[in-house]
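Before any comments, here is the structure.
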Amino acid sequence: MDGTIMRYYLEFGDFVSAIKVFFAGFARNYLLWNSFMKEFESFGGDPFEILVVFNELHSKGVEFDSKAFNFVLKICLALRELCVGLEIHACLIKKGFHDDIHLNCALINFYEKCWSIDKANQVFHETPYQEDFLWNTIVMANLRSEKWKNALELFGNMQRVSAKATPGIIAKMLQACGKLRALNEGKQLHGYALRFGLVSNTVVCNSIISMYSKNKRFKLARAVFDSMEVRNRDLWSWNSIISSYMDDGCLSDAFDIIVEEMKSSGIKLDTITWNSVLSGYVLQGSFEMVLTSFRSLCNAGFEPDSCSVTSALKAIIELGFFKLGKEIHGYIMRSNLNCDVYVSTALVDMYVKNDCLEKAHAVFRHAKNKNVCTWNSLISGYSFKGLFDDTEKLLNQMEEEGVKPDLVTWNCLVSGYSMRGRIKEALAVMNQIKSSGITPNVVSWTALISGCSQNGKYTDALQVFSQMQAENVKPNSTTICSLLLACTDPSLLNKGEEIHCFSMKLGIVDDIYISTALIDMYSKAGKLEVAHNIFSKIQEKTLPCWNCMMMGYAIHGHGEEVMILYDEMREKCIRPDAITLTALLSGCKNSGLVDEGWRYFDSMQEDYNIIPTIEHYCCMVDLLGKAGFLDEALDFIKTMPIKPDASIWGALLASCRIHKNIKLAEIAAKKLFKMEPNNSANYVLMMNLYSSLNQWDGVERLKHSMITLGIKSPPVWSWTQVNQSIHVFLTDGRPHPEEGEIYFELYRLISEIQNLGYVADLNCVCQNIDDNEKEKILLSHTEKLAMVYGVMKMKGGSPIRVVKNTRICCDCHTVAKYISLARNCEILLRDAGRFHHFKDGKCACNDCW
């Protein structure tokens, strides 16, 4: 009768009367509250009116039992009416209902959703009688609020008072253990499920499988799956075990078998199954398999959803298959998936990575839903492109639309400015981050350090790192790699060694990226043995690791060792890339291995389908030219499928100078003067060649051209390091404080090595003056002064390290060999082209430079 009367009132639109009838007969009607609410709303009633009528009846003295208050609290929860809910809570305490279990459960749910989980926990702790239902409610509330640790602690307390958990709670707790990587607690929950017979519950078993998978215990996950009765395995069970295989990185081998098992069990794959496969391949970095599986999904008759499309777009970004990305964009528009914020963000990111900022902005502008990640994706595109005015406009627009920039937003700006070498602006953004109440994290600092390193501001990189440490931000492996990049400058070798020690203290020295960066740093700093020791200790060597070690040997002129490493790498079934071949060809050219160089160059396309780049062609021209095959080098240049650049002609010109081939040198110089009209090095090379052939007219002509064009040679300098102090020797500028002593020692050394057979190479002086004057000029070469100063200060047999900003001349190269013999010392000299390692009267370059 109540139901009929309420329906009539609702049909007539008299909602107040309908509510009064409902409350008047609440003792009979409370079981129907859910259907009443649906009917009430279907007729256009506002649930808030129920609260108004309840308040009116209560104020007139109508007495309600706990069930009515429970119902009203549920309406407050649905409407998020915090103030009304607080009044009802106060009323419950006055009426003595505060110990009612069901009311307290309703209060816990209300406070969790409408205020905070802390208030919900307070209600629980203030409840005098904590029965099973209440325990389950508070644990579930904490799980919903993602307070995983609180939930685990409450569950432990629950067991101490022998309260029994529902299967739903156990399933959710197992999921929490997966997210927290809490294996021990997960095992205890598994034991609880076994003890109380919950393993027959499919949802609980699926959660156990998922928990073990997340904790990298894949065999246990499979064991639980195998222990399930076949009839109890549902699609979620199969999807869970597929995810487990994905996380273990072996789904490629097992997927077909699993699909057959599913078919034999009468279970069909669904979109979620395919999405598990796609996301797993993304996590493994198997991006080609992502696209293969995506096609299989479509061929199986499934329509890709937002998760499928997002995974496919990530693979497309990594593989650079942007044509396919445009096709998927078309599907997204047809399927109306552009409403999904993750799909929109992935699309923006794809166009940003494809350097199509206009299209990225168009997608962004038409996106129906945007979050801070969508904004960040577009802002990063403009920032990394160096379009900082547009970036600032986007930031302003972002704030106008009520989206607050997060740390990722600011980090995009820091990275953009740093990459462009605008360190002051990057530091200003760091200050802006702090003033906005956000603390810069390790990504912020690493971006700044990386920018300094990449732009040659090595000292700035180290200063930023010191500031980072002062602010107690712990560096990660990327930070250390960026710092080690800064320390590839030989003058910062000591700092590099300090950072090496620091990474050992942090316990991350075995990280493959740090190990590779250390190999690179020590190789470029001249400590090849240390680099090789680090390399040999790496258990699982990656391709970049092999490449770095091979390039280290190459720049030191150890071509044989480069080839040995290459053979070892191939034995490990590691496929070489373009960088590997550059290292190989560099090793060959620096060691004069012509036949081997040709063999490796030919194998690029034949064996590995690697298309040679300008770097590979340059190595071959250099190799042929230095070996004296100048005509072959020129023919090689003429038959190149790509246009020769300045590096190609420069390599030929340098070879012509060595072999005094004026005809080909003039061809190369003519090209270089057009390509690099302001590069004085090309003019100097030609003048050296003319002077060596006594063609002084040519020298004067080039000098006149340089004056006319306003071309000036940059200052030539060399430096050596003594007791962690850098001593610089310049052609122009302030003389060294110990110049007198240095020249005195130099004359002594020259006299000494002349007795060993040294004869000055006067061809290295491109001035038309008498021989005595030429000898004096040779003595003033900066690398000689640096080497002599190193000899004067050398202690304990340490190698003398010298760096020169231009190529070492032939005479200084000869002098260095004789000094190493006369004084029984090692000299490591790094010039503009390569390393020279002098020992026992020989150079590691074997005069192929």
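For all residues, glycine too, the Cβ spot is worked out from N, Cα and C.
Nonlocal intrachain contacts for the repeat 'PPR' (201-231), taken as residues 6+ away from its ends with a CB within less than 8 angstroms of a stretch CB, comprise 167-168, 170-172, 174-175, 177-179, 181-183, 186, 189-190, 193, 237, 240-241, 243-245, 247-248, 265. Sequence annotations record features per position, and here TrEMBL assigns repeat 'PPR' to 201-231 (among others).
The repeat 'PPR' feature in TrEMBL is assigned to 234-269 (among others).
Residues or ranges marked as repeat 'PPR' in TrEMBL: 270-304 (among others). Looking only at the repeat 'PPR' (270-304), the predicted model's pLDDT averages out at 85.
For 371-405 (among others), the entry in TrEMBL reads repeat 'PPR'.
Away from its own ends, the repeat 'PPR' (406-440) comes close to residues 372-373, 375-376, 379-380, 382-386, 388, 391, 395, 398, 447-448, 450-452, 454-455, 457, 460, 471, 473 of its chain (Cβ-Cβ under 8 Å, at least six residues beyond either end). Annotation source TrEMBL lists repeat 'PPR' at 406-440 (among others).
Here TrEMBL flags 441-475 (among others) as repeat 'PPR'. A Cβ distance under 8 Å defines the sequence-distant neighbours of the repeat 'PPR' (441-475), meaning residues of its chain 6+ beyond its ends; these are 407, 410-411, 414-415, 417-421, 423, 426-427, 430, 433, 482-483, 485-487, 489, 492, 495, 506.
For the repeat 'PPR' (542-576), the list of distant contacts is 512, 515-516, 519-520, 522-524, 526, 528, 531-532, 535, 582-584, 586-588, 590-593, 596, 608, 610, 834-837, 843-846, 848-849: same-chain residues at least six beyond its ends, Cβ to Cβ under 8 Å. Feature annotation from TrEMBL assigns repeat 'PPR' to 542-576 (among others).
If you look up TrEMBL, you'll see 577-607 (among others) marked as repeat 'PPR'. Counting only same-chain residues 6+ beyond the ends of the repeat 'PPR' (577-607), those with a CB under 8 A from a CB of the stretch are 543-544, 546-547, 550-551, 553-563, 566, 569, 613, 615-616, 619-620, 622-624, 626-627, 629, 834, 845-846, 848-849.
Per TrEMBL, domain 'DYW' is recorded for 757-849. According to DSSP, the domain 'DYW' (757-849) comprises 37 helix, 16 strand, 40 coil.
Here the repeat 'PPR' (371-405) has long-range neighbours at 341, 344-345, 348-349, 351-352, 355, 357, 360-361, 364, 412-413, 415-417, 419-420, 425, 436, meaning same-chain residues at least 6 beyond its ends whose C-beta is under 8 angstroms from one of its own.
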